[in-house]
Amino acid sequence: MKRVSSSLKSKCPTFACSPKRARRLKRAPCSFAPRRGQAWGNLPQHVVLQIFQHLSLVDRARASSVCRCWNDVFHTPDLWRRFEFELNQPASSYLRSTHPDLVQQIIKKHAQHLQYVSFKVDSCTESAEAACDILSQLVDCTIKTLGLISTARPSFMDVSQAHFVSALTVVFVNSKSLSSIKIDDTPVDDPSLKVLVANNSDTLKLLKMSSCPHVSPAGILCVADQCHGLKELALNYHLLSDELLLALSTEKHVNLEHLRIDVVSENPSQSPFHTIKKSSWEALVHHSPKVNVVMYFFLYEEEFEPFFREETPVTHLYFGRTVSKEMLGRIGLNCLRLVELVVCANGLEPLDEELIRIAERCKSLTAIGLGECEVTCSGFVEFVKMCGERLTQLSIMEEVLIPDSSYNMEQIHSEVSKYLGRIWFPDMMPTW
Amino acid sequence: MVVNTIHWFRKGLRLHDNGALRDSIRRSDSLRCIYILDPWFAGSSNVGINRWRFLLQCLEDLDASLRKLNSRLFVIRGQPTDVFPRLFKEWKINRLSYEYDSEPFGKERDAAIQKLASEAGVELMVRISHTLYNLDKIIELNGGQPPLTYKRFQALINHMEPVELPVETITAELMKTCVAPISDDHDDKYGVPSLEELGFETEGLTTAVWPGGETEALMRLERHLERKAWVANFERPRMNANSLLASPTGLSPYLRFGCLSCRLFYFKLTDLYKKVKKNSAPPLSLYGQLLWREFFYTTATNNPCFDKMDSNPVCVQIPWDRNAEALAKWAEGRTGFPWIDAIMTQLRQEGWIHHLARHAVACFLTRGDLWISWEEGMKVFEELLLDADWSVNAGSWMWLSCSSFFQQFFHCYCPVGFGRRTDPNGDYIRRYLPILRAYPAKYIYDPWNAPEEVQKAAKCVIGLHYPKPMVNHGEASRINIERMKQIYQQLSCYRGLGLLASVPANLNNGTNRQLQAGSGEDASAHEGPSRTERLHSTQKRRHEDSLNEGSSKCWRQSK
């Protein structure tokens, strides 16, 4: 059997043996040596199952053609709990697709075994439509985890909303035990969320729906109100409201573990973002003291006004576009729970002051990444000194650091390494 | 015994620091310097006119220099495996010299020629002079694996023997024992062809911004060093608007074609540094340009799949989009983002763009905005960029698209903001996109946001005279960072929330053996397959799962 994983190799006796040993075994049969032509097909099924679990799908499928027993094992429900449908068109992707015959077989024989299902589609509408078709056929199943993932452009958004929603609700209605759903970048809407809630409110633990433009704050509020086991939620800022945070913090609700918020602007002249009251944030943290609040910003500089004016319990912050010096100053002031800060770009003025304030006040900070920014070498060393060894991730582009009278580029790496307690270099980009 | 020698120029188009040529002249009775022009290549669309022109100018320059030594360059059309047996016979050759080519296809081609040479009883003389070091030795030092991070590479360099000094230039004195048999019809038979003869349309072609040749290269080297000495500063120069324009001291195309020896450059830099900084030891960063080049050559030399994603052991398998229309817009400078379009226009017109400009357009094409494969971008650069050779081009594209070398992917170059910070006035845009010339600096980077009056006053309405932006950058980068995160989290098996921690730290650099004492690289001993190996086996497994060649019967019901 080829391609047994390396960890398996070390634990189980290998079937391949050296020529010398093989000769010995032939001459002196013992109970471990398989007799020619006899034992392979008679291996106990649970042994074959264990082996199959270590094989790739292709190898398993090949093995299933060997004999009836192995074919039976191939179709054991346990091997079909988890499946990832990959739907790609050659015109729009370099990746292969799950074979349509296999898809048919699964729907026919294994739909009821499926528990953890995901669909990976490329940027072609056809692929997303194929995913919807499969979804519509998963009638007799008890799916626990469902993921709809676009690997390139979000092609689910190109599918007709009616088609998508009806396919999705088939699963929502039939599974009745959904615990984890990932439907980012899809045309899901408020009515479908109502259906989800009506059938799965007891079991739902994770819901990721960033960039679902057809959902309204009321729609998501319905989920928070009814699904008290919800531990992880990902959505866009326009769906976030004071009511939502309060609903997630009621007594009946479990502790929220992870709240992911994407803040994206359509164009620079859109109406300003609403603010969330400090009291709503406080309620959230009071109810779920360990909650991680992850915020990803993709805004124009002037759109940041409403944010971080007051204490905000954000733990992981990513700025995908330029963020101003002033904003970084506010973060040092008001984001005391900060664990990770990643800044794509800032500007041409050194951020020394802002960084030092962050080091002072954000005592939980363990990761920082800076792209197109400027920091003087002395300021940077000061920052690292203050943070010390708690900084496990320090990713600074080389261009960020400005040599000054105290340090040049050669010295910076040894100074910083000293305070971090490990060898450190800035991130480099090829220059040629 | 009469020794008749051929020196075969491929890269290394120079007479200074040319060890192979230098050694082959010794005790040689006749010497012919040849360059083989593969006619198939001339027709292939993947080498643009600027690159051809540069090459031909290099050959002209070589020919002129050889004339001063009573010799000539022989330009021969054909494929090497056809050409050599004929020449061995016709010219009664018993010695062949050339500069070592470290690239996989170069090695393959040379292996074939070695075979032919040994069959014909021809002695071979091969010398390393395109790279600073013997790359195989670097790999050996790293336990038989090429280093996968630049930091690792630098650590290894610190342990290598010093770079060998450049070899003396070929002079008439050295050549005096050697005859170059030149016939009267040399120009017709073996002359350097013109662009027209190769089938190019030269009507309206502007003067080359980067003239090819060793003479030009050496002149530029002097100017380059003069400027450095005058500034007395060896730090990396901060980027400004002027850096974007072609510099008269720029050296990268000359290094690529070998008009300038990298070793000569190395030693001249060292000497200058020691003079200006009063004999202190030069830091590695002084040789940044040369070492990056060396790094990519090292990573590529044993990997024939280096320029592909599929089957490339060092490349992350990313589900790039296939979109010919989007690719064409990018390649032809019609994206609707003036910063990107200006850069691509400069590239097409002149054959060179600043390295930060390369980062900007590469990011835009791949992980930043269009999510198109780096292989496509690499092919466009191969056609247009003068200093892009196989190893460096492929390696850089993998780096810039975060497909390899354990790069952090969070920093995305904004196609509006990045340019605006570099050149706030927008002169670069006005120079290469004259249609936008009348736009005020406020709107020149995002003209689609300009009010109608401004557009009309500038006589350039967006959507009419200049394209609308082809993507919404905020939206595109949001989606793409999520994609990259998904891919990297799968690779590193990281389940946490941090963006930075998603990228696996390459602790062991693909080898289980560590460099001895004080290497400056942290190394942790561990058993079992290294992270890197596990990464690749996970990738392989995923790839196999979607394979279905010949396996369709498996899916059918067996009963």
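Start at 1 and count along the chain as shown; that gives each residue its number.
Every residue gets a Cβ built from N, Cα and C, even glycine.
Here is what TrEMBL records for this protein:
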DOMAIN    B:3-132  domain 'Photolyase/cryptochrome alpha/beta'
BINDING   B:Gln289, B:Leu290, B:Leu291, B:Trp292, B:Arg293, B:Glu294, B:Phe295, B:Phe296, B:Asp387, B:Ala388, B:Asp389  FAD binding site
SITE      B:Trp320  site 'Electron transfer via tryptophanyl radical'
SITE      B:Trp374  site 'Electron transfer via tryptophanyl radical'
SITE      B:Trp397  site 'Electron transfer via tryptophanyl radical'
REGION    B:511-559  region 'Disordered'
COMPBIAS  B:523-546  compositional bias 'Basic and acidic residues'
COMPBIAS  B:548-559  compositional bias 'Polar residues'
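A map of TrEMBL features onto the structure.
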residue  : record                                            : contacts (Cβ under 8 Å, 6+ apart)
B:Gln289 : FAD binding site                                  : B:Leu251, B:Ser252, B:Leu255
B:Leu291 : FAD binding site                                  : B:Leu132, B:Phe153, B:Gln154, B:Ile157, B:Leu284
B:Arg293 : FAD binding site                                  : B:Thr131, B:Leu255, B:Cys262, B:Val392
B:Phe295 : FAD binding site                                  : B:Pro147, B:Tyr150, B:Phe153, B:Gly395
B:Trp320 : site 'Electron transfer via tryptophanyl radical' : B:Met309, B:Thr366, B:Trp371, B:Ile372, B:Ser373, B:Trp374
B:Asp387 : FAD binding site                                  : B:Ser252, B:Pro253, B:Leu255, B:Arg256, B:Trp352
B:Asp389 : FAD binding site                                  : B:Lys11, B:Glu103, B:Arg256
B:Trp397 : site 'Electron transfer via tryptophanyl radical' : B:Ala362, B:Thr366, B:Trp374, B:Glu375, B:Gly377, B:Met378, B:Phe381, B:Ser403
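According to DSSP, B:Asp389 (FAD binding site) is assigned to coil rather than to any helix or strand. B:Trp320 (site 'Electron transfer via tryptophanyl radical') falls outside any helix or strand according to DSSP and counts as coil. For B:Trp374 (site 'Electron transfer via tryptophanyl radical'), the number of other Cβ atoms no farther than 10 Å from its own Cβ, over all displayed protein chains, is 27. Closeness to chain A is evaluated for the recorded positions B:Leu291, B:Trp374, B:Asp389, B:Trp397 by Cβ distance, with values under 8 Å counted; no residue is counted. Each residue in the domain 'Photolyase/cryptochrome alpha/beta' (B:3-132) gets a DSSP state, and the totals come to 58 helix, 29 strand, 43 coil. The FAD-binding residues named in the record, B:Gln289, B:Leu290, B:Leu291, B:Trp292, B:Arg293, B:Glu294, B:Phe295, B:Phe296, B:Asp387, B:Ala388, B:Asp389, extend over a maximum Cα to Cα distance of 15 Å.
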